[in-house]
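A.B. asks: For reference, TrEMBL lists these features for the protein:
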TRANSMEM  27-47  transmembrane segment
TRANSMEM  53-77  transmembrane segment
TRANSMEM  89-106  transmembrane segment
TRANSMEM  141-159  transmembrane segment
TRANSMEM  165-188  transmembrane segment
TRANSMEM  243-266  transmembrane segment
TRANSMEM  333-351  transmembrane segment
TRANSMEM  363-383  transmembrane segment
TRANSMEM  395-417  transmembrane segment
TRANSMEM  423-443  transmembrane segment
Amino acid sequence: MGDFVGIKYSSVNEGEERKGGRGVPKVSIVPLIFLIFYEVSGGPFGIEDSVKAAGPLLAIAGFLLFALIWSVPEALITAEMGTMFPENGGYVVWVSSALGPFWGFQQGWAKWLSGVIDNALYPVLFLDYVKSSIPALGGGLPRTLAVLILTVALTYMNYRGLTIVGWVAVFLGVFSLLPFFVMGLIAIPQIEPSRWLEMDLGNVNWGLYLNTLFWNLNYWDSISTLAGEVENPKRTLPRALSYALVLVVGGYLYPLITCTAAVPVVREFWTDGYFSDVARILGGFWLHSWLQAAAALSNMGNFVTEMSSDSYQLLGMAERGMLPEFFAKRSRYGTPLIGIMFSAFGVVLLSWMSFQEIIAAENYLYCFGMILEFIAFIKLRVVHPNASRPYKIPLGTIGAVLMIIPPTILIIVVMMLASFKVMMVSILAMLVGFVLQPALVYVEKRRWLKFSISAELPDLPDSNVEEDGTTALVF
């Protein structure tokens, strides 16, 4: 369709202005870098399991290899598609434009569930770090109340505005990374390079290893659901993604390389939180305390950024008419009020799950969404090759297909390694989405709830029509 070639978004073509129509401040590049940092990582907290599962050599090599075959392609696709469709629906709009509204809704459902499941982890991890100082938070009613209080307090921060969340992420990111930088400097004189080569292929927990790597290096596309709130996204988003990629991967490799060679590696010790023990061994109680405080606060950074992404996704879906209009309601601070409330409620409901169950379940749902993204990316390249792409990956169609083959293989492996329980729960959750979308269409037809498409957004192309007017194959 010719009109799709020239599709225009005011945020892309007139990106120099700093405020949107509602007078809400846009997010600039520095907060955006740290929002991406927390969407994906939040620091090297939780990567210790990679050493426990496979030893130092495979842990270090794994983060390097996974960054190349997974993080780089996902970040590149996010840069291209996010600047092509710079609105808050993000990946939901990508899939809808390529495969139609049904699959767009399934993408939104799977990714929102994955994000909420992920977010249920962070209050629990925060309490795990502070329970050594406050033992009462180790379980029972005090722990339950603490989870509720944390969720309410951090939800309120999201309510107050994305720019506040962005600058809080900057502060928390710097505070969380500094102790690792200091610990690495202290470790350098004690490094024994032979420790990096420790490996036992006959004693590798491949499920834990792959899930740990995958969990710590995914979610690059989550920032796309905030694209409508970004200042001049056609330039800012690709740059922020590239800087965040260096920050995330460097933030993992630096402590892994320095710490696994500076202390004897006993793999059983390398579980969540072990870096704080390494800090005590290398630097003493002051560094141990600093790192524990950084770990606790980093979880808060993860929480507020993930909730921002989840809630703005619901707002974007409502602006595209996929959800009832009330989801598009903004607070006086410009934030998605209903989306924030739904995301917070989901976090509270899912906070009973264990750490490993959370990781496995969210990875499974996330993989389903990524398959749809890859299909949408390739189909839009084929069906609409001349569409406006402010940033375009410098590869042709064949090169783009080759680029996504390794991450697709990785997705299949991760899904196959899921336990039967996780697989069944995840499939059941996806089936709910298959029923929910036609149910919402029926509700709209019966006019029980109001649905509308925002007048500020351009029309999406017909997913089955080529630019020359011929009909394309439906995926």
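Note: Cβ is positioned from N, Cα and C throughout, glycine not excepted.
Note: TrEMBL annotation is automatic and uncurated.
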A.B. asks: Sort out the residues at least 6 away from either end of the transmembrane segment (141-159), same chain, that have Cβ-Cβ distances under 8 Å to it, and list them.
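C.D. replies: Long-range Cβ neighbours of the transmembrane segment (141-159): 123-124, 126-127, 165, 168, 300, 303-304, 307-308, 311, 331, 333, 335, 337, 340-341, 343-344, 347-348, 351.
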A.B. asks: Would you kindly list the residues that approach the transmembrane segment (333-351) from elsewhere in its chain, counting only those six or more residues past its ends and only Cβ-Cβ distances under 8 Å?
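C.D. replies: Distant contacts of the transmembrane segment (333-351): 20, 22-24, 112-113, 115-117, 119-120, 123-124, 147-148, 151-152, 155, 158-162, 307, 310-315, 326-327, 358.
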A.B. asks: Out of 53-77, 89-106, 165-188, what stretch is closest in contact terms to the transmembrane segment (363-383), meaning most Cβ pairs under 8 angstroms?
C.D. replies: 89-106
A.B. asks: Given a Cβ distance threshold of under 8 angstroms, which distant residues of the chain, six or more beyond its ends, lie next to the transmembrane segment (89-106)?
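C.D. replies: Residues 81-82, 221-227, 313, 316-317, 319-320, 322, 369, 372-373, 375-377, 379-380, 383, 430, 433-434, 436-438, 440, 460-461, 463-464, 474-475 contact the transmembrane segment (89-106) from elsewhere in the chain.
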A.B. asks: In the same chain, who gets a Cβ under 8 Å from the transmembrane segment (27-47) while lying at least 6 residues past its ends?
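C.D. replies: Beyond its ends, the transmembrane segment (27-47) has Cβ neighbours at 59, 63, 71, 125, 162-163, 165-167, 169-170, 172-173, 176-177, 180, 212, 215-220, 222-223, 226, 229-231, 236-237, 239-241, 243-244, 247-248, 251-252, 254-256, 272-273, 275, 294-295, 298-299, 301-302, 304-306, 308-309.
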